[in-house]
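As recorded in Swiss-Prot:
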TOPO_DOM  1-6  topological domain 'Mitochondrial intermembrane'
TRANSMEM  7-24  transmembrane segment
TOPO_DOM  25-145  topological domain 'Cytoplasmic'
CROSSLNK  K35  ubiquitin cross-link
CROSSLNK  K56  ubiquitin cross-link
CROSSLNK  K61  ubiquitin cross-link
CROSSLNK  K68  ubiquitin cross-link
MOD_RES   S135  phosphoserine
MOD_RES   S138  phosphoserine
Amino acid sequence: MVGRNSAIAAGVCGALFIGYCIYFDRKRRSDPNFKNRLRERRKKQKLAKERAGLSKLPDLKDAEAVQKFFLEEIQLGEELLAQGEYEKGVDHLTNAIAVCGQPQQLLQVLQQTLPPPVFQMLLTKLPTISQRIVSAQSLAEDDVE
């Protein structure tokens, strides 16, 4: 008796779930603005993610904060590369290079220690990260004025 009631309850729940899936899919397909709203939502999430990355940048006028940020980014980048997460590791290394006082020397060291494909990935990401840091710094200066 109990097993039969459980089976009926499971069947009803399964039917309700499938019905909801069909309803949602039909609603999604018939909405002409669904794709536009989805694109806008993804764009907002991407912008929020970029802003979150910029918000953790130190004040470039504070040498101690820059040094701490530099060391943290180098350490985190090395750890992520060791774990095989090359994209994230390269992102952190490019952040460190962008705030480094002597980026050419750091690039030479990284060229000797990193595998060539990872170093090429680093070189391709470096201009965009540097540009974001420059724009973030100019935004911070605009906020002060």
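Every residue number used here counts from 1 along the chain in the order it is shown.
Glycine is no exception: its Cβ is also placed from the backbone N, Cα and C atoms.
Counting only same-chain residues six or more apart in sequence, the Cβ atoms lying under 8 angstroms from the Cβ of K68 (ubiquitin cross-link) belong to P58.
Counting same-chain residues at least six beyond the ends of the topological domain 'Mitochondrial intermembrane' (1-6), none has a Cβ under 8 angstroms from any Cβ of the stretch.
Secondary structure at K35 (ubiquitin cross-link), as computed by DSSP, is helix. Within 10 Å of the C-beta of K35 (ubiquitin cross-link) there are 10 other C-beta atoms, taking all protein chains into account. The average pLDDT computed for the topological domain 'Cytoplasmic' (25-145) is 82.
The distance from the Cα of S135 (phosphoserine) to the Cα of K61 (ubiquitin cross-link) comes to 15 Å. Taking the C-alpha positions, the distance from K35 (ubiquitin cross-link) to K56 (ubiquitin cross-link) comes to 32 Å. All chains included, 10 other C-beta atoms sit within 10 angstroms of the C-beta of K61 (ubiquitin cross-link). DSSP gives K56 (ubiquitin cross-link) a coil state; it is part of no helix or strand.
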